[in-house]
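Enquirer: This is the structure I want to talk about, given as structure tokens.
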């Protein structure tokens, strides 16, 4: 109904454009609708816009400014002006006459702020004409506006403006024309042709124009009219429960309501006489059976309305047909739309699976990135570092601090990544030298000591940076998403994290397997005594390895801060999951960590898919699964074998 | 050995404390019960500073009843049981006459039994889920009908939203608010299939799937709108993912109930321009009172970039209402002050007045703001003052309940049976 | 004939004596029963601290004696609290609801009472049905049994699975941590049936005892906590002292050797783990009625780590050490965060303890672990002239949980 009224308004609005009627005085229009212009509402602004638009090019300019939030009221005399930013101040133009009014300061005017609903109506009103505007930007805006809200009248305007110098825009126009045809063309044959022209297309906009055709409403009818476009006949019991069906009849007012226990109590309470109701004493009525007896007694005395019995309910239900009816009267159109929609289902399902896999892959790469530092310190060295999360946090804060000094986001990122490594490498080395070195054979004590470091660092971060989350903004080229189609897309920042995770995997493999450092690390891990007698300094190697693991955590921190948030609690959000990633995967093997991260990521997204309303449940069951998994594979997915297993 | 000495120390400590509370009777004490550490410190520290600033101002004006006001600040450390412990300490040890504090619903529920037992007075400054009205609490934040319902009306009427995604953090405020909205929307004829609900844990950061789910709702050809009761830090990841997915406010507007100026300070808002928030106050409100308040606040915090927000305004209103009630009653005792405070009117910072109602809620205007690129809000809608409703009319169980402290001495009055369900709160 | 337990271990007598003196002293100084200098909130804090001490003693049995660093003990603690909390909530609400419904002209049916109670309790999470797990919540004895059974069963199943698969050392620590995290996340859900993030609240109001008043109730609970701590201490000291205790300590220091000697290592560990879980749960069941509210945040992994830290600071492997650690650190913590500690003005910077206490606490873990493995109870050894054995830096055994040279007593 509302849509229809709007449509009417637009028809009326579009006509003057086409006819180029003589323009009434804009000043008078403004004066007449002044309060609507100052405080517009989407539902009532239509006629105002129509009147303004009817006043010619000045009116169009006013609408454009209004939509762009450049319309203002001059405080000195209450004049409606169009503003244009000019340096620190504004340049004013009289909205009614188009006369220049010179410069003014921002404080001299009150800017009008129409809400986005009103702006939508304004841009839709301007869209019809803007479709053939010489400026391609305006044409794109007009198309955007039309694809958000359009109606039958604009279908006509669009058909007139289908030619476009830009082939991409011409294609968009043609597609939009077919979409609008599906919805608004009066000729069913044209609509069916348009539906079929899309073939197996699974675009969101296509489905969005099909689904409204297929909306149904549920009715209970004694007689089914011959022209009814029936979507489905409902059979009682399987499609619709008896209670639901009867409730429909009650709601329609065609059957008496059943007696609820509340209603029964209220009725009984109305008929208390001498401490008795229907021959049953009040004290006994704390029992349902006694209440039933009392009510039946009242019924037989004819004092109360008899409640609908089961037999009456059955009789009423058998008289009615329960149907889902299409709102669209034409059966051919609905059949065609249904066929088209069904054709897209499999594709959509596959694409959703693909999108979910991308999400899972992304989550896995985040877990992997958070855990890869641990894979070095815990996996290789066997050191439990509970402050690992705080190293991630330090990395993120490093990124934030760098952005305070270097405003160019790309440069700051290039500086922040190595700097985060340096900072956390140094912190890691310090921690190793001061604390962990003394506790190499005592992993449980290491756990407690590093936990102490962790809470101290967290509180320090709070003292330095405050408790508020700090902004860490990604460069513009990481904004947005890689969109394959309307369903499958992944944001660039997640791709970047994935790439970073892969780079680190490569780096780790290279360092461990191809460099002298890696050789020495492996030697020290397997047998420190023997390594020392071969001239390797275990002290130095341990320090470097721990620093390396910590440094990687710092870089991970920058990445995680870019996609999520930078707070002092950032690290503690990841620490338990990170340890589980390493343990599930199998300690001492980077491929295990990779497998662990993948398992956790895919598992979590899988559970989320089963229960989309509750993300918390997904996390709970994921951890539960891990606990059980470790009971049966205590050494993880990829267990270390041979001598390394004992180390 | 050690235990005994610890006990001794503890005993001495409490003796010292009790002594301190006897010593200074020439000041009026108020308690400040906001977390200064832990997860909630991020929001609550600001309110502690607000109370301290109000105390300073009142003392500069000559104090209250001829005495100086002294604020006793304690740190419940975002630990819910600690809220109850500290509240008891404030009332029974420090002898405070009013407490300004709590943020989360669970902290309020923790404090409630203590406040009611000791007949204290709590000013609670945050928008909440309603379904409560205690004799000893003045709710200066918004009830659902002062924030959620008008915001949803705005989305339906002004933005034409027909399909709803209710996203929230998994705790009581979003749950109850969404239950109310669900009933309200269905009452307005929205089909059950047009309401999508999702709950995420605190501090959730992986939003890609949920944002994709919301975008997919658009396949029905109906305009989709998001109502977000996502709390705190989790918003940052959510908005970043929204921006990355290219969801513009024109396509899918997001209306947030827990995102204010403070939260936006943590992210770059250029991609979020046009998304919405509903509050009873925005820093951009154009009124002389507000300008003065912002100036004083920035002076008090010695930071000319510090933002103000809605719970701060609620704290200010609560403090001013308490001052007026104390002046009216001529004493700081709880019962006379509670008798006096109903009907007290204090100016809102956005213009208009806030009146304390018999159900211990306030009248508040509802403001809708669109996010700007500078992290502030453009106010696109402002209603007249709406009276706060403790028991929502849209859930059958609470529709029949009413609260009237001066008249019926009951916060949970069943209008069907005309009896008081319970005098103490349901915690 | 061996000497009685308390004579073999005089520390038990000293501990119980100090505990008794402390409890009596607090009672005499309390508002409820004495002269009044100790406020009710302080009495509650002290009572809660005794419960924490009991949990720490149980933790010491698991970690100090059996070498299992369980980072999930607070899960049992909180479960105990939840179990007793269910009865407290139902009984209290039932009292209120029957009072209201009695005003109606027609007496309520049992179904109506139960529905009204459920609406009151679960209204905040948008439900009006009792979940299945509340089946016994109407009966005090039923729930008291659950206080022991539920955490005991959880410990039994978890321990049996974990010990059977020979998950030990650091892995077991992470696994127990995951257990408490999973439980916390589960309870955070509104659908969990335990009121989600709101948890169970108003627990300090004991049904039927409204007339007593909190100042007296707090003393009752202090005594209950003190008795529980005393009995729990005796029980655990008895378990840890005999042959069973010797085997347990042997498992801590060298599990493989004990296994080769023919003992059922898993059995011993399981008994210790379950016993500790049950004792911890009882401590929790006494703690939360004093705290007044329990919610899933109490199960956060960090709480269990703190428990381990208390034991470490007090001195691992001595029961009185664990109790001292818990009392000392938690009291100190509440002193510092209560804003009572004076600020330190360094001229250029003022140290506010609210901000810096955590830093100090964190660093003191590190220092204690590194330099004073015996923790506070090292002072007792020093006083008594006890010295560690000379093992040239070697620990008592090869296992991760074994005592270090400096921790042991000759």
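Placement of Cβ uses the backbone N, Cα and C atoms for every residue, glycine included.
Residues or ranges marked as transmembrane segment by TrEMBL: C:12-33, C:45-64, C:71-90, C:140-163, C:170-188, C:217-240, C:267-287, C:293-312, C:319-336, C:356-383.
Help me understand the surroundings of these features in the structure.
Expert: Listed as Cβ neighbours of the transmembrane segment (C:45-64) (distance under 8 Å, sequence separation of 6 or more from its ends, same chain) are residues 19, 26, 38, 70, 73-74, 77, 218, 221-222, 225-226, 228-229, 232-233, 236, 239-240, 272-273, 275-277, 279-280, 282-284, 286-287, 290-291, 307-308, 310-311, 314, 316-319, 321-323, 325-327, 330-331, 334, 401.
Beyond its flanks by at least six residues, the transmembrane segment (C:71-90) meets 55, 58-59, 62, 117, 121, 134, 137-140, 142-144, 146-147, 150-151, 154-155, 173-174, 176-177, 179-180, 183-184, 187, 194, 199-200, 202-203, 205-207, 276-278, 280-285, 287-289, 291, 294, 296, 298-301, 303-305, 307-308 of its own chain at Cβ-Cβ distances under 8 Å.
Long-range contacts of the transmembrane segment (C:140-163) within the same chain, counting only residues at least 6 positions beyond its ends with a Cβ under 8 Å from a Cβ of the stretch, are 75-76, 79-80, 83-84, 86-87, 91, 172, 175-176, 179, 265-266, 269-270, 273-274, 276-278, 280-282, 284-285.
Only residues 6 or more beyond the boundaries of the transmembrane segment (C:217-240), in the same chain, are considered here, and those with a CB under 8 A from a CB of the stretch are 5, 9, 12, 15-16, 19-20, 22-23, 26-27, 30, 32-33, 40, 43-44, 46-48, 50-51, 53-54, 57-58, 60-61, 65, 204, 206, 209, 248-249, 272, 275, 279, 282-283, 286-287, 289-290, 319, 323.
If one looks beyond the transmembrane segment (C:267-287) by at least 6 residues along the same chain, the residues whose Cβ comes under 8 Å of a Cβ in the stretch are 47-48, 51-52, 54-55, 57-59, 61-62, 65-66, 68, 70, 73-74, 76-81, 83-84, 144, 147-148, 150-152, 154-156, 159-160, 163, 221, 224-225, 228-229, 232, 235-236, 239, 244, 247-248, 251.
Proximity of distant same-chain residues to the transmembrane segment (C:293-312), defined by a Cβ-Cβ separation under 8 Å and at least 6 residues beyond the stretch ends, is recorded for 52, 55-56, 59-60, 63-64, 69-75, 77-78, 81-82, 85, 176-177, 180-181, 183-185, 187-188, 196-203, 321-322, 325-326, 329-330, 365, 368-369, 375.
Away from its own ends, the transmembrane segment (C:319-336) comes close to residues 11, 14-15, 45, 49-50, 52-57, 59-61, 64, 229, 233, 236-237, 240, 306-307, 309-313, 353-354, 357, 360-361, 374-377, 380 of its chain (Cβ-Cβ under 8 Å, at least six residues beyond either end).
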Enquirer: Looking only at residues six or more beyond either end of the transmembrane segment (C:170-188), which have a C-beta under 8 A from one in the stretch?
Expert: 68-75, 79, 82, 158, 162, 194, 196-197, 199, 295-297, 299-301, 304-305, 400
